[in-house]
Amino acid sequence: MSPRERSGLALMAPAAGVLVFLFLIPTLILLVFSFWLSKSFVLIPAFTGENYMRALQSSGFIAVMLNSLKIGLITATVSVILSYPMAVFIVFKTRTNLFMYLVLASWFTSYLVRIYGWRMILGSNGLINSSLLAAGLIDQPLDFLLYNAVAVVVAMTHVYIPITLLMLVSALRDVSPDYIAAAKDLGAGPMQTFLGVTLPMINRGLISSFMFTCILAAGDYITPQLLGGRTGTTVGLLISNQFRQSGNWPFGASMAFISFVVFVALYFAVVVGFRVARLAPYRRYH
Amino acid sequence: MLRAYAVLYIAVLYVPILFIVLFSFHSSAALTFPFEGLSLRWYREALADPALLDAFLNSVKVGLLTTLITTVIGSMAALAFARIGGRLKKIFGFLSFAPIALPGLFIGISLLTLFSQLGMQRSLWTVTLSHVVITLPFFIESCRSRLEFFDLSIEEAARDLGARPFTVFRLVTLPILAPTLIGAAILSFAISFDEVIITVFVSGNQSTLPLYIWSMMRLSVTPLINATSVIAIASVILLVLAMSMILGLRRARARQQRHSRNTAHV
């Protein structure tokens, strides 16, 4: 081993130690826990698939799982569609970093505060309802604005869209404007240029941006708790409840690992989907 | 056309925040239009609660300690990327990215099980350790691309001229990388100061500012929450500005000192 590598190893050691001790080992403990049992708040070491069976046989868990997939996918789709033109603008159409800074700054205005903002806007005494009532457009407050999946999607899109945008921007920065100009010169329309030139070049970044947003949304338990109501429940909320209220940790752990597997599978499904639809090349060509 | 869209995009990002700020100054308890008048009563009420100051100070303590730990070991790790290669680099790259690819909830519950298995009492210490788990990957990721292409031959030149390893670091490596590291340190502080998803699981009796706000939100919806939220946002902005000024000032001073020392030698 060269001295350079040896010094690299020494420099890496503290961070690697922290990540192993505070990330890898806890994840393994959680995995082990998912095979244990909990009887009246006491953990019983065991090796049983009971928790997994219980979760997979529970229609409630399956329903919430599907619901969070739906919420995650819709949030991610909306975030990517809304952010793509913005990313194009930031990368190709403007020289100032002002827009990027403004988006980043909004990301750092408290997560909780932004969720609370939506409760204020959508609530039955909220800004939308009170304005509509005052304008005489409705007689009764619209109840469907808050405590459902739509409110959760709206708030989550708002909360996570800066990350979606950030990842799209970094993907688009790899695309040389020359390619796009060349496509245009050869007579391709905007859609053809996007599908044939840009998308194959950014497909990895696009998928990461989409999946990152989707996973953040499905794992969020605070937005569903504050805005979700019955139809806005996510797996995140279900899992967090096991670790806070009813206290069946092994059961909660098994649900966490089931969700993990589901989202890894979803990731691969999206990657394969892109290839089958011929929107992603089998290898990078730039 | 696209510019108009960009302006709209930014506007929508900020609208909820502007409403919160506006109604934090509302003279009545209603969070609805028509706006009845301006008043500072909710700020007075928010600041009258000693628990708010406690939570704020706890967040500052946790944030500073998290930033210190993250900056020291994160800078070392980021420097390591220019020196290692092959499989080791891949493994370490994965390890230092995985915590931010997973939802905070997952990190929170796994740390909770770790602390309970170790019999650790939950406190601000466990909160700090937990924050490092996510600030460290963000720190490394935000420095990595710049540090990976750091020209190691500059360091070699300094060593060939007889500089000892620490001197090389202090006089050559650090000045070149300082702006990147300072930016990443401030990012770490902002993340820690705002963290709530993981903190819920690993905190003890002492509350942090986001936890304090969350407990208020679960009880009611009043302009008191707006005022507290605005205080939280304002404090993060002020603290970030203060940090960049203090750190930037030091940098300028260091450069100045070095400069004067060099000229003294000549």
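Yeah, the Cβs are placed from backbone N, Cα and C, and that goes for glycine too.
A TrEMBL annotation is a machine prediction, not a hand-curated record.
Worth saying up front: this structure is predicted, and the values here are computed from it rather than measured.
The feature transmembrane segment is assigned by TrEMBL to B:7-25 (among others).
As annotated by TrEMBL, domain 'ABC transmembrane type-1' applies to B:56-249.
Look at TrEMBL and you will find B:62-82 (among others) tagged as transmembrane segment.
TrEMBL lists B:94-116 (among others) with the feature transmembrane segment.
Cβ atoms under 8 Å from those of the transmembrane segment (B:122-140) belong to residues 58, 61-63, 65-67, 69-71, 73-74, 77-78, 96-100, 104, 107-108, 111, 115, 184-185, 187-188, 191-192, 195, 198-199, 202-206, 208 of the same chain, restricted to positions at least 6 beyond its ends. Under the heading transmembrane segment, TrEMBL lists B:122-140 (among others).
Look at TrEMBL and you will find B:168-191 (among others) tagged as transmembrane segment.
Among the features that TrEMBL reports, transmembrane segment is placed at B:224-249 (among others). For the transmembrane segment (B:224-249), same-chain residues at least 6 beyond its ends with a Cβ under 8 Å from one of its own Cβ atoms are 17, 20-21, 23-24, 26, 31, 42-43, 45-47, 52, 56, 60, 63, 182, 185-186, 189-190, 193-194, 209-210, 212-213, 216-217.
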Stretch of maximal Cβ-Cβ contact with the transmembrane segment (B:168-191) [cut-off: under 8 Å; candidates B:7-25, B:62-82, B:94-116]:
B:62-82
Mind checking which residues of the chain, 6+ beyond the ends of the transmembrane segment (B:7-25), have their Cβ under 8 Å from one of its Cβ atoms?
31, 35, 38-40, 42-43, 223, 226-227, 229-230, 233
